[in-house]
């Protein structure tokens with residue numbers, strides 16, 4: 001499919017570590033914005049809408065080709081997930097999970113629980129909520145569409161910030177994740193590429209993805225994550241290299257302790273990933289960009305900045321391989337939106353200013369002084385438990401594990417059988433000649449009317465708002481939740 005116009009070509013940028021242009025495509029489904037895990041739950045899917053509105057405010061939508069909104073089907077999810085589990089997900093509702101028909105028991109056996117009482121979402125990782133099945137189809141459909149865009153050769157980088165649910169298992173939910181869109185996307189990529197590399201910079205170990213592929217030598221999983229002290233999920237020690245067999249040493253884990261910052265993180269990330277690229281020689285890369293590894297996250301205890309986090313994206317981008325960027329964790333949602341907006345700019349290769357533009361959601365960036373790259377006072381950072389010796393020891397152990405990786409040079413029969421899976425490129429993208437301008441959200445429209453369109457000599461209410469609203473203030477319960 002020919003890309004109409006030049007907007008889908010990215011630009012060279014000194015922030016990206018290379019001067020190559022990229023064709024970037026982008027997936028956003030507004031239906032995800034209203035998904036609610038329940039009062040008190042730290043997972044707020046609306047963060048994806050906040051990131052999207054920030055991307056739009058910075059004028060980056062025109063630099064990417066938009067993928068059509070296309071929820072996955074049950075058959076597509078069954079490419080990995082147990083059909084009995086999928087049948088349960090389709091039938092689960094908050095009202096129907098507490099009866100005596102055994103549905104609640106079946107849900108609990110799969111890691112999903114009914115929420116009882118006000119604020120019950122605080123104590124349940126995987127609650128039953130309205131439109132749960134629809135939510136799973138929507139974020140999984142985005143990752144499949146992005147993978148197909150790469151497989152078709154019409155994009156160099158594909159983005160789905162609503163994806164990245166790396167904990168979900170074949171037959172159950174775990175860690176806020178119900179369906180593992182990453183596994184589905186990698187399986188799609190394996191139909192077009194000989195070897196796929198999965199890299200995870202979420203604060204939590206990418207256990208679900210590792211388990212799905214640890215018997216394969218066509219997928220390598222590399223996870224950088226907080227480890228120790230009972231931190232979820234508890235797996236991902238440096239000695240965890242996968243099961244015996246062809247996939248042995250195709251699982252690489254890089255565990256770090258509480259409080260690691262940018263400099264130490266990249267003393268691990270860059271040399272290890274450079275060696276991974278050399279040894280594994282992937283043909284495509286999936287990068288899970290969980291933002292809970294940022295300083296100030298509500299769950300994570302690392303001290304990465306938005307620039308340090310984005311440096312990982314920039315480094316992987318510099319290898320000039322087909323690249324799928326996915327979301328993941330992240331529970332201080334204004335930080336999440338800032339992070340993924342900035343990494344969209346890195347993918348495109350576009351320099352964007354630190355001052356957040358005026359738009360319908362910018363009130364939620366008040367506590368970071370309307371700056372994309374927020375700063376935290378030292379007292380709000382976690383004490384760094386990593387030492388120079390521990391960082392060197394982890395790096396050397398990871399390199400030792402990589403030295404034991406042995407791969408066959410020839411393509412497998414499985415690849416030869418799957419590589420011809422057809423893609424209807426015409427169904428992947430919106431036609432820019434027909435696509436209407438994205439409808440302005442009610443929130444953005446109201447905000448613009450109130451603050452951006454004063455009449456006569458009236459002073460902009462927006463200016464007054466920025467001067468008078470104090471950190472932590474909000475005009476509604478919904479805004480308090482989104483802070």
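Just so it is clear, glycine is given a Cβ too, placed from its N, Cα and C backbone atoms.
Whatever TrEMBL says is automated annotation, not expert-curated.
A quick note: this is a predicted structure, and the numbers were derived from the prediction, not measured.
The active site, proton acceptor annotation in TrEMBL covers 167. Residues or ranges marked as substrate binding site by TrEMBL: 125, 175, 331. Sequence annotations record features per position, and here TrEMBL assigns divalent metal cation binding site to 202, 204, 292. Residues annotated as domain 'Histone deacetylase' in TrEMBL: 41-345. The region 'Disordered' annotation in TrEMBL covers 455-483.
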Cβ within 8 angstroms of the Cβ centroid of 125, 175, 331: which residues besides those meet this for the substrate site?
42, 43, 167, 176, 177, 232, 299, 329
Do you see any of the binding-site residues 175, 202, 204, 331 whose C-alpha is within 10 Å of the residue listed as 'active site, proton acceptor', and which ones?
175, 204
Reported as an integer number of Å, what is the Cα distance between residue 292 (divalent metal cation binding site) and residue 125 (substrate binding site)?
16
Between the Cα atoms of residue 204 (divalent metal cation binding site) and residue 125 (substrate binding site), find the distance and write it as a whole number of Å.
14
How many other Cβ atoms sit within 10 Å of the Cβ of residue 125 (substrate binding site)?
19
Taking the Cβ of the residue listed as 'active site, proton acceptor' as the centre, count every other Cβ atom within 10 Å, in any protein chain shown.
28
Have a look at the binding-site residues (202, 292, 331) and report the one with the fewest Cβ neighbours inside 10 Å.
331
State the Cα to Cα distance, in Å, between residue 175 (substrate binding site) and residue 202 (divalent metal cation binding site), rounded to an integer.
12
For a quick check of packing: other C-beta atoms within 10 Å of the C-beta of residue 204 (divalent metal cation binding site), how many?
27
From the centroid of the CB atoms of 202, 204, 292, the recorded divalent metal cation site, which same-chain residues not already listed sit within 8 A by their CB, in sequence order?
203, 225, 226, 290, 293, 299, 300, 328, 329, 330
Alpha-carbon spacing, residue 202 (divalent metal cation binding site) to residue 331 (substrate binding site), which is rounded to whole Å
12
